[in-house]
Amino acid sequence: MTETDKKQEQENHAECEDKPKPCCVCKPEKEERDTCILFNGQDSEKCKEFIEKYKECMKGYGFEVPSAN
């Protein structure tokens, strides 16, 4: 392994450590979303606002939440 390869590997590893896990971010938004879905059903229009807030929060951390449709 060359010195350049070692540097690149260290940078990649550091990036992975700096990025939080999806389960550890947006907890309040996730709780609101999950509670709404639990009591109103996944297809309820009532939950759309909470789902969108959660998706926007996750995007802020670099995660992409796929649409259920």
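The backbone N, Cα and C atoms fix where each Cβ goes, and this holds for glycine too.
Cys23 (Cu cation binding site) falls within a helical segment according to DSSP. The Cu cation binding site annotation in Swiss-Prot covers Cys23, Cys24, and the record cites similarity to another entry as its basis.
Sequence annotations record features per position, and here Swiss-Prot assigns disulfide bond to Cys26-Cys57 (among others) based on sequence analysis. Within 10 Å of the C-beta atom of Cys57 (disulfide bond) sit 18 other C-beta atoms, taking all shown protein chains into account.
Take the CB of Cys47 (disulfide bond) and look out to 10 A: across all protein chains shown you find 21 other CB atoms. Per Swiss-Prot, the feature disulfide bond maps to Cys36-Cys47 (among others).
If you look up Swiss-Prot, you'll see 23-65 marked as domain 'CHCH'. Not one residue of the same chain 6+ positions outside the domain 'CHCH' (23-65) places its C-beta atom under 8 angstroms from a C-beta of that stretch.
The motif 'Cx9C motif 1' annotation in Swiss-Prot covers 26-36.
Taking DSSP states H, G and I as helix and E and B as strand, the motif 'Cx9C motif 2' (47-57) has 11 helix, 0 strand, 0 coil. Annotation source Swiss-Prot lists motif 'Cx9C motif 2' at 47-57.
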- Query: Can you name the residues of this chain that are 6 or more positions from Cys26 (disulfide bond) yet have a C-beta less than 8 Å from its C-beta?
  - Reply: Tyr54, Cys57, Met58, Tyr61
- Message: Measuring Cα to Cα, how far is Cys36 (disulfide bond) from Cys23 (Cu cation binding site) in Å?
- Response: 19
- Cys24 (Cu cation binding site) and Cys47 (disulfide bond), compared by Cα position, are separated in whole Å by 22
- Winner by Cβ contact number (other Cβ atoms within 10 Å) across the recorded positions Cys23, Cys24, Cys36: Cys36
